[in-house]
Amino acid sequence: MTDIHDRVRGAVLASALGDAFGAPYEGGVAERLLWAVLGGRSGKRRWTDDTQMSVDVIESLLACKKVEQNDLARRFARSYRWSRGYGPGAGKLLKRIRQGTSWQIANRTVYPNGSFGNGGAMRAAPIGFFYGAERERRLVRAVRDATVVTHAHPAGQDGAVVIALTAALVCQDCPVREILKRLRLHIQTVDLQNRLAVAERLLRAEHPVLPKQVASELGNGIRARDSCVTAFSIGLALREAPFVRLLKYIREVGGDTDTIGAMAGAVWGAACGYRQLPEDLLKRLEQRQFLEELACRFADAIVQEHF
Ligand code: F2R
Ligand code: MG
Ligand code: MG
């Protein structure tokens, strides 16, 4: 088993764990109650739209060997179930695609300027691994192509670039300073650029930064600008800490905990690999075997393609 294989597998599983263990803490009282009912049915930790859409992306990449927008749209629409807790706009958009509207029209019908939610970023890390950081511009183009299917707004796409490029660079043990430099070259929106500047300051801080400070300075909300750099920063800051500490930190940051967990989990997994994941958490993950097999096939394909 190569190092890269372990890291890709680790990132896919850590992202699913971050989603499933973050989900019970997402949102307000009503959302938590609903999730307690839905999530408690199988006796396992149930994952949400974040993992479902990541599965769709991985299966599409394995089938098409590249980002193929029509295939992604079909898979996203086919997999949609309200009970996985999709974003409100995303749910409407996917139902329209299922009814026959093309994604090029559907992606601007709910919000005429496109969605700037974090739903494109939460599923972006696999694209980073698949394309690899060696050909950075090709990677960024592929991420934007995959994201625009549901998130036409540039901020939704910038969030996805932050997560995918970071995951790919972390896989190569790229230093944080260099990751920030590379991200700045590709991020188009002022909001995300500003968030990166704040993250750089926090990552350089001499003392550990408290979760509350991360939430107030980088955000913890459902919009890409309020969660993607947050997850980036947490994943990098805690990449040498045990996975359970990452989960605890994310709970304390609060807000969109499943998605911050999924994105920070992918960054953490790319740094630490599968072997560092706690078995007792994996045992409690819904459809563990299915996710493990998929992650393994995906890692096989990446190793064959790049190495
Ligand atoms: N659905 C959830 N969580 C339920 C909690 C909802 C919460 N009370 C709330 O609405 O704040 N989680 C899942 O959704 C997130 C991913 O969402 P995605 O796929 O980006 O969906 P959507 O609907 O396109 O965007 C999310 C929200 O962002 C705002 N928004 C986006 N674009 C906008 C625009 N152009 N103009 C105005 N608002 C825009 C809206 O409030 C959207 O509902 C993940 O957290 C996933 O776990
Ligand atoms: Mg979710
Ligand atoms: Mg979420």
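From the backbone N, Cα and C atoms, a Cβ is placed for every residue, glycine too.
Curation does not apply to TrEMBL; its annotations are automatic.
Residues or ranges marked as Mg(2+) binding site in TrEMBL: Thr48, Asp49, Asp50, Asp256, Asp258, Thr259. In three-state terms derived from DSSP, Asp50 (Mg(2+) binding site) belongs to a helical segment. Cβ neighbours of Asp50 (Mg(2+) binding site) (same chain, under 8 Å, six or more residues apart in sequence): Ser15, Asp19, Met122, Arg123, Asp258, Thr259, Ala262.
DSSP gives Asp256 (Mg(2+) binding site) a coil state; it is part of no helix or strand. Listed in sequence order, the residues of the same chain lying 6 or more apart from Thr48 (Mg(2+) binding site) and placing their CB within less than 8 Å of its CB are Asp19, Ala20, Ala23, Arg84, Gly85, Asp258. Close contacts with ligand 2, defined as a Cβ under 6 Å from any of its atoms, occur at Asp49, Asp50, Asp258 among the binding-site residues Asp49, Asp50, Asp256, Asp258.
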